[in-house]
C-alpha cells in the first residue's frame, strides 16, 4: 500500500478524533531504508522524527529565515511557552538553504523566494511530517505581496491562487509532459482566519484571489526592472483585468504551495500583507518601521488563529 492513510478499520473513538495523516503520493519512498532530507540537513537514519516533530499541529512558512525566527519568538510568547527573551535554535543549522524553528505544536520554516525554492522545501517538509507521524496538520504561508486596489498594509487571505493568466492552476513540466494541478485552498480555513481578523480588529483584511508569478519584475507588470518592453497603459490595463477577475494581491509562491498541500491532504492557507497598491506604483517606498509593522500583521492574525484553535483565547 502506498504511504498515506491506513485502510484498517477504525474504532468509534478513533473515528471521532478524525485524525488526518499526511498522504504521500510516492510509492517509491516505502522501499527506501533511509530518507535523507538534504536541504534540511535531516534524515530518518540520523534523527528521530516522531520524537522531534510528532506533536506538531501548525506549520507556518515564510520567505526569510529572520522573519520565521521572529514568528517563533512571537508565537512562543503568545502561547506562554519558553522563557521571555529565550532563544530558539535553528533545527536546520547544518545547512544554509532553509531555517526551521519549533516551539510546542508550532513549526516555523523559511522557504526562500519563488516557486522553485518553496517547492524544494515543501517536498522535504511534507516528508518530514509524514515520517514524524503527524496528524491534523494546518500549514499556513505568511508573507508579503503587492496589492491591487487595496491600501498598503491590508492583509489578503487567499481564496484561490491563480497564474498570470488568472487561471486557478499550477502548471509544471514533468518528464517532458505538462502537468496541471489545482490551486484551491481550504475554504473553511480561510473563513476561520477571516473571523479571527474581525475579532482582533486591527487592520483591513479581505479574502481574494492571489496571482502567483514566476518573477518580481516583468511577470508582475513592473516598469522598473532592467528589462521592460511594455508601457504604463498596458501595465495598468493588465492589473485592472487581474482585479476584475478577483485578484487582490500578487506574490511568487502560492500556486505550488496550494497544489502540493492539496495532493498531500493538508489543510492550507496563504495570508499575505500588501506592501503597496500596484495600481499606484511599482516601488516599495514606505519607511523601514512601517514595513516592519506591516510584516507583523500576518503573524498577528495567524498567531491569534493558533491561540484560538488551542483554546487559549
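Just so you know, glycine gets a Cβ as well, placed from its N, Cα and C.
It should be emphasised that the depicted structure is a prediction, and the values quoted were computed from it without experimental measurement.
Long-range C-beta contacts of residue 142 (phosphate binding site), restricted to its own chain and to partners at least six residues apart, with a cutoff below 8 Å, comprise 60, 61, 62, 67, 71, 271, 272, 298, 299, 302. Per TrEMBL, phosphate binding site is recorded for 97, 141, 142, 143, 144.
Around residue 222 (substrate binding site), the C-beta neighbours below 8 angstroms that are at least 6 residues distant in the chain are 216, 228, 235, 282. According to TrEMBL, the feature substrate binding site maps to 220, 222.
Among the features that TrEMBL reports, domain 'Nucleoside phosphorylase' is placed at 57-306.
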Residue 97 (phosphate binding site) to residue 220 (substrate binding site) - Cα separation in whole Å: 26
Other CB atoms, at most 10 A from the CB of residue 97 (phosphate binding site): 18
Candidate binding-site residues 141, 143, 144, pick with smallest Cα gap to residue 220 (substrate binding site): 144
